Amino acid sequence: MFNKLKSKLSGFTEKLGSKIDEKAVEVESEKPETEVADESTESGLQETVSQAPIESEVAETDSDDLQQTQVETPVTTVSEEEEAEEPTESKGEKKSFWKRGFKKAEEPEIPEEKEEIEAETEAEAEKPKKTGFAQKAKALMFEREFILEEDDLEEPLWELEMALLESDIALSVSEAIVESVKEQLVGTRRRIGKNTGDIVEGALKKAIFDVMSANVFDLDEYIKDAEKPVHIVFVGINGTGKTTSIAKLAKRLKDQGYSVVVAAGDTFRAGAIDQLAIHAEKVGVKIIKHQEQGDPAAVVYDAVQHAKANNVDVVLSDTAGRMHTNVNLMEQLKKVCRVSTPDLMIFVDEAVAGNDAVERAAQFNDAVPVDGSILTKTDADAKGGAAISIAYITGKPILFLGMGQGYDDLQKFDPQWFVDQLFAE
Ligand SMILES: Nc1nc2c(ncn2[C@@H]2O[C@H](COP(=O)(O)OP(=O)(O)OP(=O)(O)O)[C@@H](O)[C@H]2O)c(=O)[nH]1
């Protein structure tokens, strides 16, 4: 299921994972030099400090000698956070300050050293600096971690966004996911040795889960607690699977012990009433129907009255498929809702329709606010993006996925289950 999206996500995870691995190796390879610098810091730094008035100090150094020197020399202590925010120029100075300590120990000739410091300061000033040196040094020397910077993620995130767009995820949704992944990864300390792929996968899973679980709605719980009869109207364009989904849901509810009646509100399409009648018979629920071309609002009204009179728990009303752009048919739908106000309005569309389904969901939601969606035909070659996008764009949950033509092929939608599917082996 959702194989294309799945492979794109795993491609991103692997790619960024190995980028992190590369970066981690680089950090490790810098370590010996930094360790030398560290060892020589106490003596070298002490000497340097005593020879030249130094305006700033790296807060994390805890050498006794240095502390002594600090007493003798006017020093401004800079915390790690402050340092991270400082302009590049002063960072360059600070780096050369550390370096100066190191160089001083080995190369006593100050003028030469000064030149080198200036050259380095200029070179450093040109480099984009997003992570404070002390922060990085700490990562290198003590915690053996690495820090991801925005630049490291720029290319992989761009590729992720392209992959999401190609998987039928709407632009605004792709952007939200990418932003979330970025926020989670940039600037965070990560331990070397931990599976880097897991780090990326975790961030991606969280981003998608957050997008999908904004409005969770449990239909089972709702029906259990709601005043009966619960009236649910199904809407969507032609042939997306409304009638089949009604039959599947009727069976599911019946299996849970509820009494169900279905209303043949699609009086428009020839054969639609018979189709629902066959399903109703197969799953063993009553159908309320009128003649073809009759008034759908009247059929639905009768079904609700029947349910009230006979203590039926749930009424599932079919409606004719209509394009959201068809003003007359959308007005007719509004009339159905005026005559017998539904407790829930469910939008049905095909997962394979991708971005078209997302667009329709948004427009149906504008015309007759829907409470949730059923995405059918996920067993076909659906990319998976429609499920993510519809939930995000309508702000209404995906309730079920249609996963085949059998009556039991209706999977209750659970964001965690969905995310796990996307990353399943
Ligand atoms: N593979 C697959 N096919 C499905 C699924 N749901 C529905 N179908 C098929 O899709 C076709 C259309 O389904 P219907 O239930 O008739 O669609 P509808 O929305 O009621 O159609 P209209 O009455 O024209 O609006 C049928 O052949 C169904 O068997 C599903 O989850 N998977």
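Including glycine, each Cβ sits where the backbone N, Cα and C put it.
Automatic, uncurated: that is what TrEMBL annotation is.
Feature annotation from TrEMBL assigns GTP binding site to 236-243, 318-322, 376-379. Per TrEMBL, the feature compositional bias 'Basic and acidic residues' maps to 16-34. Under the heading compositional bias 'Polar residues', TrEMBL lists 42-53. TrEMBL lists 67-78 with the feature compositional bias 'Low complexity'. What TrEMBL lists as compositional bias 'Acidic residues' is 108-123. Per TrEMBL, the feature domain 'SRP54-type proteins GTP-binding' maps to 397-410. If you look up TrEMBL, you'll see 1-129 marked as region 'Disordered'.
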Fill in the blank from the handout: Other C-beta atoms within 10 angstroms of the C-beta of THR319 (GTP binding site) total 30
Fill in the blank from the handout: Those binding-site residues among GLY239, LYS242, THR319, ARG322 lining ligand 1, judged by a Cβ under 6 Å from any of its atoms, are GLY239, LYS242
Completion exercise
Smallest number of other CB atoms within 10 Å: among the binding-site residues GLY236, GLY239, that is GLY239
Handout entry: Least Cβ-crowded entry, counting other Cβ within 10 Å, from the binding-site residues listed as LYS242, ARG322
Key = ARG322
Handout entry: Secondary structure content of the domain 'SRP54-type proteins GTP-binding' (397-410), with strand meaning DSSP E or B
Key = 0 helix, 6 strand, 8 coil
Fill in the blank from the handout: CB neighbours within 10 A of THR378 (GTP binding site), counting all protein chains shown, number 24
